[in-house]
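Shown next, in structure tokens, is the structure this report addresses.
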Amino acid sequence: MKIKDTLNLGKTAFPMRAGLPNKEPNWQKDWADATLYEKRQELNEGKPSFMLHDGPPYANGNIHLGHSLNKISKDIIVRYKSMAGFRAPYVPGWDTHGLPIEQQLAKAGMKRKEMDLLDYLEECRKYAMKQVDMQRSDFKSLGVLADWDRPYLTLLPEYEAAQIRVFGKMAEKGYIYKGQKPIYWSPSSESSLAEAEIEYQDVRSASIFVAFKAKDTKGKLPEDVEFVIWTTTPWTIPSNLGIFAHPDYDYSVVAVNGRKFVIASEMLEAVAEKLEWENPEVLQTIKGSELEYMVAKHPFYDRETLIMNADYVTLDSGTGLVHVAPGHGEDDYFASRKYKLPVLSPIDNRGYYTDEAPGLEGLLYDEGNKVVSKWLEEKDALLKLEFFTHSYPHDWRTKKPVIFRATPQWFASIDDFRQNILDEVERVDWVIPWGKTRLFNMVRDRGDWVISRQRAWGVPLPIFYGENGEPIITPETTEHVAKLFAEFGSKVWFEREAKDLLPEGFTHPASPNGEFTKEKDIMDVWFDSGSSWNGVLNERDYLSFPADLYLEGSDQYRGWFNSSITTSVAVNGVAPYKAVLSQGFVLDGKGRKMSKSIGNTIVPKDVTKKFGADILRLWVASIDTESDVRVSMDILSQVSEVYRKIRNTLRFLIANTSDFNPKEDAIDFAELRPVDKYMLVKFNELVKQIRTAYDNYSFMTVYKSIINFITNDLSSFYLDFAKDVVYIEAANSPERRSMQTVMYVILKDLVKILVPILPHTAEETWTYLEHEPENFAYLAEMPEAAEIPGSEELLGNWQEFLDFRDKILKALESAREAKLIGKSLEATVTIYPNEVVRTLLTAIDENVAQLLIVSNFVVANEPVNNAPESAMKFDDLAVLVEHAAGEVCDRCRRTDETVGHNANEHLKMLCEHCAHIVETEFPEILEEGFED
């Protein structure tokens, strides 16, 4: 037998190298084979519920890191809640209708206008389902557990039926109407857009100052005055029908170069500088209210331009007079309604001028800027043309500019229940406080919701028309359509004639002959996803409404958060969520948006292949997701180093509890060694912190707390001296079993705590905890913090001891630098303490030499002031470090004067303590001795 054979060296097959990319797919297969998600749900049957409702990602293309951030975050929450005593089903969803899928078909050579509509819709469906399958596989590879076999898809018949019922309820309450007013129009996709489908990009545009000659000034101004406007959309001048002045502003008539111009008095200096007017003479000042109902002439068409009043006119830029084209601006439209101006919008679906703009027919609207400017110049109405860069709305799908264009559309009126939505916004728990302000302002300021789209792939608007063109939407018709959709899917709308989509025997005064037609437009996809509270939470009996949490990217304040609360308040009077948490965007390591053109994109699959999903998950836990976050392969490499610390700690704990059976070997708390009590109480505090952090969705706090505990409490202190106990002491000694008791509790509960973040690693570790009854760590319960009497005093004492230890370590380091010692085990430490330190050492009642990893620790009877000159002085003690007397023990490596003095020749190389252990545990050595 060798000396090392008398040591309790930790043994484990738990590998130091994780090999996550190779192992994780096997774990995911094991979870699926064991129906782990379902088993956890069964365990929690009858417990309080927690509903995290999944916002549906769009079914198009591989997932990106933003998807990963979102799905991993949700999985962390659901796993935690499930282990914390909640029934927390997680039903993933997909948004499966809309323009991007039509665009993908177009790229593949399938053109909607050249195909049978039903064939085209089937191709859309097949493409969407293929994308769902692909993304589902991607999400599973991240370790996300969910009801993957029963997701919700916005194209499923039962979902479409539920959506129709939401529409029907809103129509029944009078919120749905058809109107013609300016809305965002995308010429590139030939469809209307909602505000949520708009993104802004910087563009270079022309701006012009235009003079409109007066026709009738009501005798209040000279008849030869000209009203000056400024616009950034010259192409809308053909649609001009009026000019707005603010009723409360003063306007000046100025004489310049033989002409008389009207502009806001406060803007005169700025405009004069811009137009290079020299010494403009103010002839007259008049209130804006006096300008109302004056008439000007259109610059190049034979029609009138009405001067009107509007409060929204500002003096931030321009002239204080605003060009009005009711067919191309929302403010223009609403403010001019009281003047009964017609809505002129001479632009077609593709963005080309119609014959309502004579001379411009067939010209693209953007090309109209040049022609209009030329015409104005010829009429001497163009005072200045210049170019500037500004933020302009674009179609978020095609990335092309959009315009405001008045077209017949279906709208959801928000005004009738806007205040109800705002009241609900106030009631919701916004995990990020500014989220409330953001959504509140959006709801407060938004116009009516344009819900119709001129596309094919989507849920049809369940609207019929009578013989006289009157729209027909009744509870009877919408419910009948909902039932048809539930049975056949929405394709039935395109398969059947209108009469075959109506209830049998249906009659309506608008169709005395019983003839009907049907709406051709489909619904905005935001109405699709915005109805998910009904299509999912209300439709599935194991879910409940409202959801406890909606968690999505910060772009969803204008999107899903907004559309969901709008439809839910309209129908139910309440928000569909109790709490909302948003996340920032994922940027590259330099803080730039990820873009294929820059070449800085990181694909989740590349991360999982190189590092493993657990590293990506640990990164998610390590960041503040409330704002934009950065990621790069270098950052992920740093995260993998942190992971290595966690893994090595788990491995050490497994190895050193491998011969520990908690049922037989555990020590009661009261009998634990003082330092072990401290570590158990310290870990109990960690559990308390982590439970609170998980409850608050603060993953970064969970991460930091765990890493801090592993690094500072375990690695730098407890496990640093642990080898002197678990390796050296007798296998079944109280000292060793005391420490193993604490190690086992920490190991077991730390694994449970890690399950939500590192599920693959946690489950791998769990297989080494053979005494735990659950087959999977995920089936265990989350540890709860215990109430331990006297814990505050104990923590206080030990914090003071650790401060004391820092001073000793500083003195040891100084001695090492002075070559007095090599390793700390070569040292004898003598301290000269004040009474406070003496009291502290008495209170902790410990083997201080062992905790400090020195051979001897001596408390001198002398006070601090009597310490030798060579001692390191502190306020409350002096520390003298000397080389320990004696020889090094071949077993524990301590320097001890008893080494070499044992009566038994075979034990002479051991200190007295080790010799006693060997004598007791290995009596054969007394006769046989050790091998060389």
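Cβ coordinates come from backbone N, Cα and C, glycine included.
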Segment assigned the feature motif ''KMSKS' region' in Swiss-Prot (from 593-597, 688-692, 788-792): 593-597
Motif ''HIGH' region' according to Swiss-Prot, located in which of 57-67, 332-342, 343-353: 57-67
Sparsest-packed of the listed binding-site residues (CYS892, CYS914) - C-beta count within 10 angstroms: CYS892
PLDDT averaged over the residues of the motif ''HIGH' region' (57-67): 92
8 Å Cβ shell about CYS889, CYS892, CYS911, CYS914 centroid, Zn(2+) site members excluded: ILE728, ASP890, ARG891, ARG893, ARG894, ASP896, VAL899, LEU910, GLU912, HIS913, ALA915
Structural state census, the motif ''HIGH' region' (57-67) (DSSP three-state): 3 helix, 1 strand, 7 coil
Spatial neighbour of LYS596 (ATP binding site) that is closest, considering only the binding-site residues GLU552, CYS889, CYS892, CYS911, CYS914 and their CA atoms: GLU552
Secondary structure of CYS892 (Zn(2+) binding site) (DSSP, helix/strand/coil): coil
Counts of helix, strand and coil residues, the motif ''KMSKS' region' (593-597), according to DSSP: 0 helix, 1 strand, 4 coil
Candidate nearest GLU552 (L-isoleucyl-5'-AMP binding site) in space, where candidates are the binding-site residues CYS889, CYS892, CYS911, CYS914 and distance is Cα-Cα: CYS892
Cβ contacts of CYS911 (Zn(2+) binding site) (under 8 Å, same chain, 6 or more positions away): CYS889, ARG891, CYS892, ARG894, ASP896, THR898, VAL899
